[in-house]
Every structure is written in C-alpha cells, then in structure tokens.
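According to Swiss-Prot, the protein carries these features:
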BINDING   5-12, 132-139  ATP binding site
BINDING   His156, Cys166, Cys168, Cys173  Zn(2+) binding site
Amino acid sequence: MTTLAIDIGGTKLAAALIGADGQIRDRRELPTPASQTPEALRDALSALVSPLQAHAQRVAIASTGIIRDGSLLALNPHNLGGLLHFPLVKTLEQLTNLPTIAINDAQAAAWAEYQALEGDITDMVFITVSTGVGGGVVSGGKLLTGPGGLAGHIGHTLADPHGPVCGCGRTGCVEAIASGRGIAAAAQGELAGADARTIFTRAGQGDEQAQQLIHRSARTLARLIADIKATTDCQCVVVGGSVGLAEGYLALVEMYLAQEPAAFHVDLLAAHYRHDAGLLGAALLAQGEKL
C-alpha cells in the first residue's frame, strides 16, 4: 500500500509517495504560503498533492505544531500565524478522498530516525533545531506522543530564566535562544535583521558576533541534551533540522556536552534521513497503524 506523505514546515511544504518498502519517490516541494491564512494553505496543499493522490491509498501528515483531534495547535502561536486550529486532517480528506492521519513533524522524524538506528537501542531522543526547536522521544521502543500531543516539545523547556521571552509565553525557553529564529533575534549591529543562514555564513567568514551567536545556540542545546539524558536515560540523541545539520554545529554541541559531568554524556548522531525524516516517519506510522 502506498502512502502520500506530507511534511508541513515553517518554510516549506513537501510531499512524496512512499511504498511499503520505505522508498521515497516523486518528491515535490513548495514554499509555505507567506500569508499563513487557511485559504492559502489549502490552495498550496491542493497544488502539492493533486499530481500524487491518484497513486496513493492513504495520506500521512507530519506537521509543525501540536496535532490534536486532527487540527493544528501550537505552544508558540507565532510558528503557525493564522493557521491555529486549521483542520488539517479534514482538509486533506476533502482534497484527496483518502483516509488521513496527522502527527507532529518532530515526533514523526523521531520514529523514522529510530528505525534507522543500528544495534540494540530501545530509548532515543530526536531533536530538530530549525525555525524552532522540537523533538520526539522513543522509550522502550515506543514513540511517546501523549494524550494531548505534547510529548517531545522539548524546545519549551527552560534554558535561561533571564533569557528572552518565548512565543509560548515562557521566559528563556531553549527555542527562544537556540533556534534559527532565536539566533537571528539576538543579532545586533551590522548583523541586525540577518537570518540564521546569513549568520552561519558570516561565522564561517570569521565574524566574531556571528560565531558567538552560534556558540550560544550550541551551548544551550548541549545543556538541554544533558537534561534529557537525566530525564530519560536515553541511549543516543539524534540531531536534525537546518540549524542542527549546519556545517560544524553538531561538533560544537559535542564540545559543550563534553564539559558536562560524565553521567550526562550521551552519543550524538546527525539525522540519517536529514530533511526527509518527517515524511518517512509519518508514512511508517501510517503503515504500522500506530496512531
């Protein structure tokens, strides 16, 4: 049975057909509508899936935000704009006439990355560092989603009680400091207004402020990982996302994690499926009927 997998992110929409063998084919991508209105998202999703839907028997969605009763929610409403409470499952069922499931994108990616691990690993955590910071937890070989879909939203744990206010309403969340948006928000002077991609480029060119911003992000993530190790006793942590996979970033996280007491050390791995983990994880969950 073929699954039409869809990944809804802050900057892009992706879709692909995924067979029972887990192979990704006919992958398509569009920018996430800038207007962030329900109408714009529905139109973009229609354009994305219309060439693929005839070849699939079901739809599996991995989306930013919390998925509750098939609709979009978020701890940080800024990540969704006008899409809060968007009826995601209902919309795709109407567009495709196919049975549809939906799950948070980081939870989906965690499941895909877990399947790719070698060895006898039953407990792992996936962290995505991108526009925001999200995650997914596998414990005892099972993906934790929670009754309200909140499990794994580790970007909203406390990093600095005196830090910036996060869009979720808390002060000093990991996401407000370590994410691409957090990196950009802290930029000053000639870097003010630059996005995270530009800041990484400038860091590679030797810009001291840019390097400090990236180190601040990596140090914050390392402390989060130490907390995760203490909380879950996971066997490894897999890091993905556009910031997490940026050149040199994971090495910085490893450097700062090594400065923590040995009990909080854990193996760090770069995401195996990189930017397709959400697509594949949603399809795998649909195939296993685990939602």
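Here the Cβ of each residue, glycine as well, is placed from N, Cα and C on the backbone.
Counting only residues at least six positions away in the same chain, the Cβ atoms of Pro31, Thr32, Thr131 sit under 8 Å from the Cβ of Thr11 (ATP binding site). Cβ contacts within 10 Å of Val138 (ATP binding site), excluding its own Cβ and spanning all protein chains shown: 26. Comparing C-alpha positions, Cys168 (Zn(2+) binding site) sits nearest to Gly132 among the binding-site residues Ala5, Gly9, Gly132, Gly136. Gly132 (ATP binding site) falls outside any helix or strand according to DSSP and counts as coil. Considering only the binding-site residues Ala5, Gly9, Gly132, Gly134, the residue whose Cα is spatially closest to the Cα of Cys166 (Zn(2+) binding site) is Gly132.
Proximity note: of the listed binding-site residues (Ala5, Gly9, Gly134, Gly136, Val138), Gly134 have a CA within 10 Å of the CA of His156 (Zn(2+) binding site), given in sequence order. Within the set of binding-site residues (Cys166, Cys168), the lowest number of other Cβ atoms found within 10 Å of a Cβ is recorded at Cys168. Of the chain residues outside the Zn(2+) site list His156, Cys166, Cys168, Cys173, Leu75, Asn76, Gly155, Gly167, Gly169, Arg170, Val174, Glu175, Ala176 have their Cβ within 8 Å of the site's Cβ mean position. With a cut-off of 8 Å between CB atoms and residues at least 6 apart in sequence, the same chain places Ala15, Ala16, Leu17, Ile18, Ile24, Val59, Ala60, Ile61, Ala62, Leu279, Leu280, Ala282, Ala283, Ala286 near Ala5 (ATP binding site), listed in sequence order. Around the Cβ of Gly136 (ATP binding site), the number of neighbouring Cβ atoms within 10 Å comes to 32.
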